[in-house]
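Step one of this worksheet: look at the structure below.
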């Protein structure tokens, strides 16, 4: 019996025992099970983080963080920088061929939504180790994706497994699936409120008296669990003071929203175009992630900042650490790099790349605005922070989630 199956059985047994000692209403049962699923989601986020650190160190000379990855990459031979993501892509293709194909490749969030809408809240538990390893290998080897999508799928799968093992009805199993996903997202972003709103807005598409308690408690418990185990940074990003310099600047933010919507659309179209292009290639499906990784490696020779999740680059943009030309190049290159990684069949999430592209878009917009308009405007770093949320909202089709997540990532309420 696999360790994942054993963990599922243990969690299900614990949940069943706790439920038997409480009120028998569905809401009462789901609240108690939400605690169990929250712990599992938080531990899943921690385990995935350690797995990612391990593969990053393996591929990039002992680097144990995304910042160290970028530092080490510059010093490595050019051929290794090209081949690292290709080798990672080859492993992703191999894992996918033996463990579930489409459920291993790609982002993870669409699979969770489909499970709720069409599969009565069911996802195969065997996909958890495959998705975790494939995503960690992809990102750790330099793949330009995020870790949020995979942990949503992992946490959601574990939550659904708990519901299935104790024979909950399908609607309640779907609620536990969403609760596990929200717990994983909260534990990854250190964003409990964002995790719960994501579960309601994106996964379930509704808020009811039945699904509020388990999802809320799961997101809080998941974030707390991750904090207890690894001590998540609070907040993840540090931003200068957010300020509005003149009354008319509200119109400027409306303009930024329009620009970010166009960028998010271009991002999505780029991803779909690359995906369709790879589908037409006369190359075995399992080899396509390696080919995408090779193309990414060539791009990274000129712009290594496209490697990995990209949080260090976002942080530098938020404090004005780049020239305008560099920021513009980083944003365009990240769209291409993420499209190559995911469009070829790599494994990872879209949230972090959307934040990255949004930060670059906001910086470019704010810088040009400062040069063109004759009245005082906020610093470009303010527009970078707002741009993160705007592109995130467009890419995820989840404006409420974007607002709350960006607030929790930055810790600045004025960004709202």
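Placement of Cβ uses the backbone N, Cα and C atoms for every residue, glycine included.
Since this is a predicted model, take the numbers as computed values, not measurements.
TrEMBL tags one of the stretches 155-173, 212-230 as transmembrane segment, and that stretch is 212-230. Given the ranges 31-58, 115-142, the record in TrEMBL names 31-58 as transmembrane segment. In this chain, the transmembrane segment (250-269) lies close to the transmembrane segment (381-407): three or more C-beta pairs between them fall below 8 angstroms, excluding pairs fewer than 6 positions apart. Within the chain, the transmembrane segment (290-311) has long-range Cβ neighbours (under 8 A, six or more residues past its boundaries) at 56, 66-67, 69-70, 73-74, 78, 81-90, 93, 139-147, 236-237, 274, 278, 281, 283, 329-330, 333-334, 336-337, 340-341, 343-346, 352-353, 355-356. Using a cut-off of 8 Å between Cβ atoms, the transmembrane segment (317-337) and the transmembrane segment (212-230) share fewer than three residue pairs, counting only pairs 6 or more apart in sequence. Of the two recorded stretches, the transmembrane segment (381-407) does not lie close to the transmembrane segment (78-98), with fewer than three CB pairs under 8 Å once pairs fewer than 6 apart in sequence are set aside.
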